[in-house]
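K.L.:
Dumping what Swiss-Prot says about this protein:
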TOPO_DOM  1-22  topological domain 'Virion surface'
TRANSMEM  23-43  transmembrane segment
SITE      W41  site 'Seems to be involved in pH gating'
TOPO_DOM  44-97  topological domain 'Intravirion'
LIPID     C50  S-palmitoyl cysteine
REGION    60-83  region 'Disordered'
MOD_RES   S64  phosphoserine
MOD_RES   S82  phosphoserine
Amino acid sequence: MSLLTEVETPTRNGWECKCSDSSDPLVIAASIIGILHLILWILDRLFFKCIYRRIKYGLKRGPSTEGVPESMREEYRQEQQSAVDVDDGHFVNIELE
């Protein structure tokens, strides 16, 4: 005798909801909220880097330079670059023998 014939399989009635008041509006609302929460949680986990980067830095890439003369813009760029160069010099190279 095969093992497959001795395994009990659930009947169609076994999968049905046993709640007598499943048509209650509160149960339906809770189910919808639960499904929406699950969908939002999955989207959050998939795109959390993009979402929180937008919140942290906003849509702009930097301060607005509208109405600022070109010479001041160039000076600002040089200051930013020198600040980056200083940060690069902060690291120490250690050589092991």
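Each Cβ is built from the backbone N, Cα and C atoms, and glycine gets one as well.
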K.L.:
In whole Å, note down how far the CA of S82 (phosphoserine) lies from the CA of C50 (S-palmitoyl cysteine).
P.N.:
29
K.L.:
Do you know the mean pLDDT across the topological domain 'Intravirion' (44-97)?
P.N.:
68
K.L.:
Could you round the CA separation between S82 (phosphoserine) and W41 (site 'Seems to be involved in pH gating') to a whole angstrom and send it over?
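P.N.:
About 42 Å separates the two Cα atoms.
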